[in-house]
């Protein structure tokens, strides 16, 4: 049954008051990893490379949001996680779409009930209830929200169904599968180069920064995020490198942040950034419900 944010208080506290399971730690690492990358990138979205230098969590900028505010990347990732939890690990595209509509129309899964920065393809697909499948509809709007799929052992076809809610072209659907498979590998301590190779995504970590494209095209986003992961050695440098590529800063850093969270863990994320995040209780709540739903 669908419900709003209100949940029993003990669920909000349990992530801090109980000994976290390994699975909970992994989920927390990825969800906070992507959310913090997202929030770091929000103020700089659409700015060109080397016209700014992101060194930490600030507010305002492009969308005039307070520091620590996440965007659609995190909101829709939380909606995806919530749907998978409520549907007992099954992909129910009607349920998932309903939750995406609640985000778009009512500000669900946001820190303050405020929906902003919704991509055209995403908004069109949600309102029309039909995923966009044209060649020009291969933005990163489904890639940005599928990270939770890595925790549910889903087959390729179901990951593609999650993508197809908004992005139904084969390029987007395949990229989502590859991203989820890479995350699964990293979460199981597979070395990054092997996880990437095993996914089938064509990637060269040695390309120079000047050749790394950071616009909204789905393949460019995944490539840029992987480049940031493989050319840094800690969470902080990975996400700052992603933001400083410019253009689609929040999504690139969100995808890179999920990957880096999987590799380095929650404890690698700077405490100062975590403390500045708005709506932490929502992230904690959905993580707890996901873990409790499997017990």
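Each Cβ is built from the backbone N, Cα and C atoms, and glycine gets one as well.
Here's what TrEMBL has on this protein:
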BINDING   71, 72, 73, 248, 250, 251  Mg(2+) binding site
Q. With every protein chain in view, how many other Cβ atoms are within 10 Å of the Cβ of residue 73 (Mg(2+) binding site)?
A. 32
Q | Other CB atoms, at most 10 A from the CB of residue 71 (Mg(2+) binding site) | A | 25
**Q.** Cβ contacts of residue 72 (Mg(2+) binding site) (under 8 Å, same chain, 6 or more positions away)
**A.** 103, 115, 117, 118, 119, 122, 141, 144
Q. Within 8 Å of the Cβ centre of 71, 72, 73, 248, 250, 251, which other residues of the chain have their Cβ, at the recorded Mg(2+) site?
A. 38, 41, 42, 45, 117, 140, 144, 249, 254
(Q) So if I measure Cβ to Cβ from residue 251 (Mg(2+) binding site) and keep only same-chain residues at least 6 apart in sequence, which ones fall under 8 Å? (A) 38, 41, 73, 140, 143, 144, 216, 221
